[in-house]
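S.K.: According to TrEMBL, the transmembrane segment annotation covers 324-347, 392-416, 422-446, 458-480, 492-518, 549-572, 578-606, 613-637, 649-678.
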Amino acid sequence: RPKAAESARPLEPAVNALPALLSHPCFPAVFRFTLSLSAPLFPCPSTPSAMQRARRSAPAAGHLLLACAALHSAEAFYLPGVAPREYADGDRVEIKVNKLSSTKTQLPYEYYALPFCQPEEVVYVAENLGELLRGDRIMNSHYELKMGVEETCKILCRKELTSAEVGEFSTRIEEDYRVHWVMDNLPSATKYVDETNPAKPVTIYDLGFPLGFRGSTDIPGTKAGINYLNNHLLLTIKYHKDESFEGSRIVGFEVEPSSIRHTFNGEWKKADTTLTSCGASSSFPLAMNAAGEVIFTYDVKWESSEIKWASRWDTYLLMGDEQIHWFSIINSLMIVLFLSGMVAMIMMRTLHRDFNRYNAIDAAEEVEEETGWKLVHGDVFRPPKAPMMLSVLVGTGVQTFAMSVITMVFAVLGFLSPANRGGLMTAMLLLFVFMGVPAGYASSFLHKSLKGVEWKKNIVLTSCLFPGVVFVIFFTLNFFVWGEKSSGAVPFGTLCALLVLWFGISMPLVFLGAYFGYRRKPLDLPVRVNQIPRQVPEQVWYMQPAFSVTVGGVLPFGAVFIELFFILSSIWLHQFYYVFGFLLLVFIILIITCAEITMVMCYFQLCAEDYHWWWRAFLTSGSSAGYMFAYSAFYFFTKLEITKFVSALLYFGYMFIATIVFFLLTGTIGFYACYWFVWKIFSAIKVD
């Protein structure tokens, strides 16, 4: 292109140097592959003399190489799953089957775990780590679709079901299982129209489609208590055409299931059989109460759409409760303003008055009879009990905090789109592993500051305690899931991969961070620590550790509980959660709330001449995790319909892991805020 050529002229030295750099033995193979994809866009030298000039110019062009590569690769290819695909009329459009899922059991199953029609060879699609952990199992299907070619009552196959197979279908229908398919990276969905506002009806997609339904007196042709199989599907595929590209792009995939007990005249001729039940007004639904014949059929309908390819996910991600999210933000901001007012009052009035009184030179006699937080200056930085465990928890909390922040940033920028199935879980897992460096650094430096000497034990606990607890819980739950023969059971190979990530990457990175943490010189304390500990006076009931810690967790939880409802619904009711902008605001408010409530409670504690603030600082904000677990139990009994023991065990097991993560995250935020607060106020007073 002329414009591309003009823009490339300033980069000619780097472009000419590309072949020499690509052929260099030290050049990374992956980067070489990336650049090789983009090389055809630019004029590369081919003569020997040009190659010699390229080698001479390579050192001078090195600093332009990254910019050049980024520019070239951006124009040369799309990332997998991001590039639109155009279909010409008559092109084959592949349907891939995924899993069966239910909000009642939370146990996904492979599509072919039930006796559906199978292709001659079942081929599994390569999946990422997040998809495997979610229970996705994507395979090819027997459905045949061609772009623009409509079908009516096309026969997929005929199966003779045994009593056991009918029982399997009936059980899954009673458990409200939904079927999930994928077409052109779009999930199948059932469409319904929200007419809450008659003037502006909204089309909403419900992921997947029901496997069947239970009969009732309200449904003609059915009997109450009998389960019916949806064996006929109307597939509506929406496509978009534009002058800017050739062919059609798929922008919607809707499935409308129905149950038909098919009949035919004469002999069975496979796909050439003429069914008399298609389109008949007198057809009856297919009951799953006895062994017999099942004929699977489908219709294909193509609809032109004005929806562009870039906007095809909007209907899936439609957020109809935006006002509730804003209410959550405003509710959280009120809590933050209340706490900020208290902190400002303490800082501006109380502390300012204390500083003036403590630092008054002409009030020596009064200072001798001083009361308040200055009295504990000789003990406030005395190492707490169990300093090893505190440093390990804080280090792991730093790891979870770094993972959360980076994941949030990438999600807000749109890198973790639902179009990339399992991308969010994969990103969180890998980021947690790679954040071992700040975890080791924070844990080792705090351990050294608290006069700890068992540095080897500190490193091992930091790298193994939290991951070990999570792995034991996860491994135990996986046994129960495996016993249910669910696709949610993580394969042995994936478990080995998780262990490699833990011991092969995370642990060495924790050691690396700890190396730098132990090498750092400890900070000089603003006040000297007395040799003999001061006796803590008897505390009033509301300053007792148990009460103050319990109360301290209320406000941080109150700042997030509304958003927590939507997160739980997305996880356990199988809905998309894509309002990461709101989540980022709530996360920032959570950080501020944890920091401020911990500083306020710490100030009251020091004023009561209690200098044991280290653990209480961590537990004050960390106790919000207890409220989170209690709310998850409330959500379980009020919003979910789980009845099976294994399903309930899965729910509370995974929520317990989430509670531990939240405890470490909020506790670490509160600890560092309190550490900074104590350091600042005792640095501002004069002590003899």
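Positions of Cβ are set from backbone N, Cα and C atoms, glycine also.
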S.K.: Within the same chain, where does the transmembrane segment (392-416) have neighbours whose Cβ lies under 8 angstroms from its own Cβ atoms, ignoring anything closer than 6 residues to its ends? I mean 6 or more beyond.
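M.R.: For the transmembrane segment (392-416), the nonlocal Cβ contacts are 423-424, 427-428, 431-432, 435-436, 438-444, 446, 458, 461-462, 465-466, 580-581, 583-584, 587, 618, 661, 664-665, 667-669, 671-672.
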S.K.: May I ask for the residues of the chain that lie six or more residues beyond the transmembrane segment (324-347) and have a Cβ under 8 Å from a Cβ within it?
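M.R.: For the transmembrane segment (324-347), the sequence-distant neighbours (Cβ-Cβ under 8 Å, at least 6 residues beyond its ends) are 555, 558-560, 562-563, 566, 579, 582, 585-586, 589-590, 592-593, 596-597, 599-600, 603.
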S.K.: Using a Cβ cut-off under 8 Å, which residues of the same chain at least 6 positions beyond either end of the transmembrane segment (458-480) come close to it?
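M.R.: Non-local partners: 388-389, 391-392, 395-396, 436, 439-440, 443-444, 447, 452, 489-490, 495, 498, 502, 506-507, 510-511, 514, 646, 649-650, 653-654, 656-657, 660, 664.
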S.K.: List, by number or range, the same-chain residues at least 6 past the transmembrane segment (578-606) whose CB is under 8 A from its CB atoms?
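M.R.: Apart from its flanks, the transmembrane segment (578-606) reaches 317, 319, 325, 328-329, 332-333, 335-336, 339-340, 342-343, 346, 350, 372-373, 376, 380, 404, 408, 411-412, 416-418, 543, 548, 551-552, 555-556, 559-560, 563, 566-567, 613, 616-617, 620-621, 624, 666, 669-671, 673-674, 677-678.
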S.K.: Near the transmembrane segment (422-446), which same-chain residues lie under 8 Å Cβ to Cβ, leaving out any that are not at least 6 residues past its ends?
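M.R.: That would be 127-134, 136, 390-392, 394-396, 398-400, 402-403, 406-407, 410-411, 415-416, 455, 458-459, 462-463, 501-502, 505-518, 520, 522.
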